[in-house]
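Scroll down for the structure; my scribbles are underneath it.
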Amino acid sequence: MHITQLNRECLLCLFSFLDKDSRRSLSRTCSQLRDVFEDPTLWPLLHFHSLAELKKDNFRLSPALRSLSICWHSSRVQVCSIEDWLKSALQRSICSQHESLVNDFLLQVCNRCPNLTSVTLSGCGHVTDDCLARLLLSCPRLRTLRLENCARVTNRTLAAVAAHGRALQTLHVDFCRNVSAAGLLRLRAACPNLRLSAERSAAMIPDQPPRARVCAASAFSAAPGRQSMPHPTGSY
């Protein structure tokens, strides 16, 4: 029996066992298999392990998408996490090649995938509060949002969760240095039933513009009998 003699249900099952590249390669063999590749029901889950994968044409976005993860574990993540005003020309050049990729991709998700229920972003140092706020508005069924080592995420994302994350049940903002303890406490007060994790976030040093850094250092050195206060960590 030739593969094209299988019915649609069998072909979808067969495709479901293949990775994205293999699905794309098989779809190029004939129009029938290309139609299977284009079937939205084939794409309820999407997992990306590098930002380069976001630019490929080996997947499809549709209202059938339920779970999305973008996990970038690369040495370049450390470069992305450096404060913009501290980056060298070389580091800025490296970031310019990919800094808009995740935000642009998530905007496509907002437009095409309204039924999304779970999003995980790890090592996405350029994803912004505005982009996440739009995601929460565009995907009202979102139940789980996991953010890890996303340097540009701030208390504005927490405020967006409180305002727009009506279906959200679980939020992780782990190792996100610009999320503060005060912001987490406000979110906890606004959403007492939310399962909230902020591993190390409130204990990390947030970004400070050069002038704020100098002023803070001057005030600290001038303060008599200064004492260090412990930062809260873990779940809130």
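Placed from the backbone N, Cα and C atoms, the Cβ positions cover glycine too.
So that you can see what the record holds, here are the features copied from Swiss-Prot:
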DOMAIN    1-46  domain 'F-box'
REPEAT    15-40  repeat 'LRR 1'
REPEAT    43-72  repeat 'LRR 2'
REPEAT    98-123  repeat 'LRR 3'
REPEAT    124-149  repeat 'LRR 4'
REPEAT    150-175  repeat 'LRR 5'
REPEAT    176-201  repeat 'LRR 6'
Inset, instruction - Sort out for me which stretch, of 15-40, 43-72, 150-175, has the most Cβ pairs below 8 angstroms to the repeat 'LRR 3' (98-123). - result: 43-72
Legend entry - Structural state census, the domain 'F-box' (1-46) (DSSP three-state): 31 helix, 2 strand, 13 coil
Legend entry - the repeat 'LRR 3' (98-123), counted residue by residue under DSSP: helix, strand, coil: 12 helix, 5 strand, 9 coil
